[in-house]
Amino acid sequence: MLLNKITFFERFEHDILSGAKTITLRDEAESHVITGQILPVSTFETDRWFCDIQIIDVTPVKLTELTEMHAKQENMTLPQLRDVIAEIYPGLEQLFMIRFMILSQ
């Protein structure tokens, strides 16, 4: 079933709105989006809407395959990105990279 919205931790809101964060790495349960799909974006903590995004593409990627390019698209260093992934998805190897662009804020 396709997602009908997506949430991000509040700490990522500024990076998303500024265009510094252009991908999100998710587990399989949160990977059910399709190219061209438009989603409202809310904060995870309070479910406050802050923008709409359009999905550019979805690509499977393993944790061990993450590079500096992925980190840059997340507006982090590679060690920071790996730490965040370990915090959110402990022990998970298979991720899905969702590339997106902001439509409205």
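Every residue gets a Cβ built from N, Cα and C, even glycine.
Quick look at what Swiss-Prot lists:
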- 7-93: domain 'ASCH' (DOMAIN)
- Lys21: active site, proton acceptor (ACT_SITE)
- Thr24: active site, nucleophile (ACT_SITE)
- Glu74: active site, proton donor (ACT_SITE)
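The Cβ neighbour count for the residue listed as 'active site, nucleophile', using a 10 Å radius and every protein chain shown, is 21. For the active-site residues Lys21, Glu74, the ranking by surrounding Cβ atoms (within 10 Å, all protein chains) places Glu74 first. Across the domain 'ASCH' (7-93), DSSP helix (H, G, I), strand (E, B) and coil residues number 32 helix, 26 strand, 29 coil.
Across the structure, Glu74 (active site, proton donor) and Thr24 (active site, nucleophile) place their CA atoms 7 angstrom apart.
As a whole-number mean, the pLDDT of the domain 'ASCH' (7-93) in this prediction is 97.
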